[in-house]
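Noted in Swiss-Prot for the protein shown:
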type	residues	note
ACT_SITE	Glu128	active site, proton donor
BINDING	Cys13, Cys98, Cys230	[4Fe-4S] cluster binding site
BINDING	His42, His76, His126, Ser258, Ser259, Asn260, Ser306	isopentenyl diphosphate binding site
BINDING	His42, His76, His126, Ser258, Ser259, Asn260, Ser306	dimethylallyl diphosphate binding site
BINDING	His42, His76, His126, Thr169, Ser258, Ser259, Asn260, Ser306	(2E)-4-hydroxy-3-methylbut-2-enyl diphosphate binding site
Amino acid sequence: MKVNLDRTSSGFCIGVQGTIHLAEEKLREHDGKLYCLGDIVHNEVEVKRLEELGLITIDLNEYSALTNAPVLIRAHGEPPSTYTTAKSNQLDVTDSTCPVVAKLQRSARMLHNRGYQIIIYGKKNHPEVIGINGQCDNQAIIIKHPDLSAPEETAPLDFTRRTALISQTTMDVPGFAMLKENLERLFSASAGPGERHAASHWQDIRDIDLTAEITGVRPLPKFLYKDTICRQVSSRNSKLHDFAAQNDVVIFVAGKKSSNGQVLFNICKASNPRTYFAEDEKDIQDEWLLENRQPVQSAGVCGATSTPMWLLEKVARSIESRFSS
């Protein structure tokens with residue numbers, strides 16, 4: 001059996017990689033004691049490794065009660081209230097918010113402050129979405145289903161307001177496009193005769209367009225969208241699809257809490273039905289890698305943006321050792 005490890009489209013994205021490096025650095029600085037608000041990464045194996053080095057994962061209630069202590073803000077980002085608490089509690093904060101997420105937060109805040117109704121394509125309880133919504137005074141409308149199949153998600157929409165569609169950085173590009181088209185139809189159907197054209201053709205904007213509005217050079221359109229999906233993440237979709245197709249069996253390694261992991265696993269599964277989900281090498285069942293009681297010719301090992309490369313390598317070595325004979 002040949003074991004193929006995907007090193008180009010799997011493993012930590014830049015944002016998570018930066019957070020992990022900062023955590024290790026701060027743990028050394030603070031003699032092996034550092035608090036992190038929420039799981040530093042949605043991978044239980046990596047969290048356990050860092051906790052063994054001294055990282056202490058805390059929830060919001062524990063964070064609010066903490067004083068004069070070093071705290072790490074993870075790559076997902078946080079709402080403004082988290083920083084207010086840090087200041088009042090004299091916390092030594094290391095902010096490792098992903099630059100892509102930080103840019104998205106600024107866009108959301110600017111559009112909200114200009115009076116826009118903000119729609120976020122994302123998952124309501126995902127920490128990144130909570131942070132983005134916080135930039136909008138927690139007034140954003142969050143839609144997970146691009147086909148608008150959940151009426152409770154669209155019920156709060158005000159069809160008379162200026163409206164902006166943005167996205168959680170790890171959502172899928174086709175879903176974002178579908179949501180935009182469905183919102184165009186929905187707003188057009190609800191608009192008056194004079195508004196139907198604008199409502200049915202939402203405009204794509206760039207950062208320069210936001211600056212033009214703020215400086216008074218030209219106004220933003222009433223209905224707009226800004227594709228804020230991280231391309232480093234989304235570009236993995238097609239690459240992992242191809243990788244999965246090139247192997248007899250695929251072992252996809254990720255944490256069960258990983259939103260990105262679920263998306264990428266489903267992409268691999270669609271490309272190769274013999275794709276199996278594992279958190280680590282202990283989850284792998286021998287029968288996954290057999291065909292007519294013989295080892296398959298090739299097994300691919302890949303993972304999510306929250307899966308460390310050391311874990312992927314460990315899984316690959318485990319498969320090789322189990323089927324080396």
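Keep in mind that glycine also has a Cβ here, set from the backbone N, Cα and C atoms.
Structure coloured by features recorded in Swiss-Prot.
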residue : record                                                     : contacts (Cβ under 8 Å, 6+ apart)
Cys13   : [4Fe-4S] cluster binding site                              : Cys98, Cys230, Gln232, Val233, Thr305
His76   : isopentenyl diphosphate binding site                       : Gly38, Thr97, Cys98, Val101, His126, Pro127, Glu128, Gly131
Thr169  : (2E)-4-hydroxy-3-methylbut-2-enyl diphosphate binding site : Cys98, Val100, Val101, Leu104, Glu128, Thr228, Ile229, Cys230, Val233
Ser259  : isopentenyl diphosphate binding site                       : His42, Lys123, His126, Thr170
Asn260  : isopentenyl diphosphate binding site                       : His42, Thr170, Val233, Ala254, Ala304, Thr305, Ser306
Dimethylallyl diphosphate site, defined by His42, His76, His126, Ser258, Ser259, Asn260, Ser306: further same-chain residues with Cβ within 8 Å of the Cβ centre: Val41, Glu128, Thr170, Gly255, Lys257, Gly261, Ala304, Thr305
Number of Cβ atoms other than its own within 10 Å, given for Cys98 ([4Fe-4S] cluster binding site): 22
8 Å Cβ shell about Cys13, Cys98, Cys230 centroid, [4Fe-4S] cluster site members excluded: Ile14, Gly15, Val16, Ala75, Val100, Val101, Thr169, Thr170, Gln232, Val233, Thr305
Fewest-neighbour residue among binding-site residues, criterion Cβ within 10 Å, set Ser258, Ser306: Ser258
Which of His42, His126, all binding-site residues, has a Cβ with the fewest other Cβ atoms inside 10 Å: His126
Cys230 ([4Fe-4S] cluster binding site) CB neighbourhood, other CB atoms within 10 A: 23
Other C-beta atoms that fall within 10 angstroms of the C-beta of the residue listed as 'active site, proton donor': 25
Secondary-structure category, per DSSP, in which Ser259 (isopentenyl diphosphate binding site) falls: helix
